[in-house]
């Protein structure tokens with residue numbers, strides 16, 4: 001039975017997906033979360049995601065897609081022997097790029113959702129992130145949305161609330177949703193597996209910190 005007012009969120013326990021989780025709770029009467037283990041070096045993010053979902057009273061499911069880590073040995077998030085790029089290379093993507101990850105996540109999420117009668121999928125991808133990952137682009141998401149509908153003869157809708165937001169605007173959205181403090185203190189964005197403010201020097205932490213400072217400055221100026 002189709003549930004038109006239900007959504008499944010691709011959830012990792014990081015800043016973006018946590019913001020999306022609460023965005024979904026605002027827009028849908030029933031929300032579930034799916035988290036993926038894909039051979040990432042830091043499994044703490046799974047426990048963080050599980051706790052946030054439980055505290056938010058959101059059903060949580062973990063799927064094992066660790067085969068991804070066997071397909072490409074050149075990603076620093078899944079291969080501990082590779083030193084992480086601190087800056088984006090001029091002619092390529094940083095080695096934090098996991099080829100096909102969002103395609104796999106959304107495909108498995110759609111199959112899982114279909115079995116639950118859910119046809120709204122929510123993901124925290126954004127074109128505004130520094131990395132320029134190809135599977136975070138709006139054109140990719142729209143293309144995959146069409147493909148999933150054709151593949152299963154269904155009418156899925158993939159929602160991307162953060163697509164055009166930079167990190168400062170993601171912080172702003174979390175504030176509007178009333179979860180700013182939760183996102184700031186209870187999420188895990190750091191590539192080195194450090195909670196909240198993180199390690200401070202990996203690309204994810206730099207992006208998060210810069211966005212926070214930009215948002216707080218803008219908020220202060222608007223209150224004058």
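The backbone N, Cα and C atoms fix where each Cβ goes, glycine too.
Some features that Swiss-Prot has for this protein:
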BINDING   11, 12, 13, 14, 15, 16, 17, 18, 19, 20, 21  ATP binding site
BINDING   190, 199, 202, 205  Zn(2+) binding site
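What Swiss-Prot annotates, mapped onto the structure for a quick look.
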residue	record	Cβ contacts under 8 Å, 6 or more apart
11	ATP binding site	17, 18, 20, 21, 33, 34, 35, 49, 52, 53, 60
13	ATP binding site	35, 45, 46, 47, 48, 49, 50, 51, 52, 187, 188
15	ATP binding site	167, 170, 174, 183, 187, 189, 208
19	ATP binding site	124, 161, 162, 170, 173, 174, 177, 179, 183
190	Zn(2+) binding site	198, 199, 202, 204, 205
Within a 10 Å radius around the Cβ, which one of these binding-site residues has the most neighbouring Cβ atoms: 17, 21, 199, 202, 205? 21
Chain-mates of 11, 12, 13, 14, 15, 16, 17, 18, 19, 20, 21 with C-beta within 8 Å of site centroid, ATP: 9, 49, 52, 124, 187
Specify all same-chain residues, apart from the site residues 190, 199, 202, 205, whose Cβ lies within 8 angstroms of the center of the Cβ atoms of the Zn(2+) site, ordered by sequence. 189, 191, 192, 194, 198, 200, 201, 203, 204, 206
Helix, strand or coil: which one is residue 17 (ATP binding site) in, per DSSP? helix
